[in-house]
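Quick look at what TrEMBL annotates:
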TRANSMEM  A:6-28  transmembrane segment
TRANSMEM  A:49-70  transmembrane segment
TRANSMEM  A:90-120  transmembrane segment
TRANSMEM  A:132-155  transmembrane segment
TRANSMEM  A:175-196  transmembrane segment
TRANSMEM  A:208-230  transmembrane segment
TRANSMEM  A:236-256  transmembrane segment
TRANSMEM  A:268-286  transmembrane segment
TRANSMEM  A:292-310  transmembrane segment
């Protein structure tokens, strides 16, 4: 697949995304700045599109970095406890701080996402049996433990409803003023690109990195830091989007390889395209109502993931 | 010159390398040989800073390798360990280009590209440079990694059992290339070998180890004789000369 095909697809899908929804908006409506249509366009449609683009690009890059650093094709924020830790962080902030502010939630969620991922990498360091399937299974179990802790305390504190809202990745509630946190992932993605070569070298193992004079630990920690930032911003604005960070980097790896400098643009765009398609399907299928994007992503994503598992054992080992 | 001074490494109570001192002569192939568990690979890892020694030091040009900046050291000493384990999908050319990392941090200059081209040509990989590593056979992969080390352009090349999993043809090919690297490009190769005949035929100097201790260190002719080999391997190993090469015939020896 060529990069320009992805770029054109992204543009076309973005355009479609802007012009579908419960209310029909035509291009001519936009010329009348004060019309309801133009207002909806500015307050709801454009922010939604931007949120999809940022979340799609961000989660794919987060998955890519995690796969490189853990040297396992099936590790991603959803299969390593990152997102579950972020959720736990939000809950803790709500439990311990009365009238918790948004900024405090961000800080807690970020700290927990970082710590949670770090602990997973430490576990990974200590297990001897590093099978391609076994490692993400451990990650999923670990994530479920974190998640059940969250659920338990949320239940005790009557916060279950809140928790399930974060679980539900959805762009339905994205309007101007509620998604801007996602912009924080832009510098994270830029940093990921600037450090792409270092991540590739680190992905070949500590000894390989040392041979080339790279300080492995610094790069590992920087990677986890970027993953935590991106995951936090996405969970807090959109919610949990499963599979995205898992399947998108894998598809790109099949046709382009694992040289991060080369594949980051493709991974970003493919993530955006995939998420746009899922969101558009969710908005069209029971029009004028919507299915949350995490449902469409989960259905399509799990099918792709299954195919990858079945045909991919050879390449993923 | 690399000077190994009184290196000791312990894991818990077990001493893996004990008080080993060796000088690596520049412009030679030096082989580390010895039975399993002799501490050869551990010694090599300590020389190449992958592993910290408990006591003792390794000097490169009279300076302790720990005091070298890791990037500067990466321009002088390279090490290759069981590389077949690496499962990253890179093309051969991309891998070899990473050999230039200490110089360019991945942003290749025209000079770097030239080094990469030369290394690929040297290892006869030009035709397949755009193939992915995971599509290669063991021998091709090993050549790709050695090409990377050549591109890294270090005076010292350390290799930990590079002939593992290779058939005879590819083993000979790799050893001939290493010989060429020393003879034509003036590099210094330090290599851990299991097969004493490869050590005998291709190396200038041999460091023999047993149970973590240095048994003997000398020229190939000083080591490859029945008396010294008995000391190392506890085996009676007759030596036969073939075209000036000493071949150890250990296959039906009485212990």
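In case you wondered, yes, glycine gets a Cβ from its N, Cα and C as well.
Any TrEMBL annotation is an automated prediction that lacks curation.
Looking at A:90-120, A:208-230, A:292-310, the range that has the most CB pairs within less than 8 A of the transmembrane segment (A:49-70) turns out to be A:208-230. A contact links the transmembrane segment (A:90-120) to the transmembrane segment (A:132-155), because at least 3 Cβ pairs that are 6 or more residues apart lie under 8 A. Listed as Cβ neighbours of the transmembrane segment (A:6-28) (distance under 8 Å, sequence separation of 6 or more from its ends, same chain) are residues 36-37, 40-41, 44-46, 48-49, 52-53, 266, 269-270, 272-273, 276-277, 279-280, 283-284, 287-288. Within the same chain, residues 42-44, 46-48, 50-51, 54-55, 57-58, 61, 64-65, 106, 219, 222-223, 226, 229-230, 233-234, 236-238, 260-261, 264, 268 sit at least 6 positions outside the transmembrane segment (A:175-196) and bring their C-beta atoms closer than 8 Å to a C-beta of that stretch.
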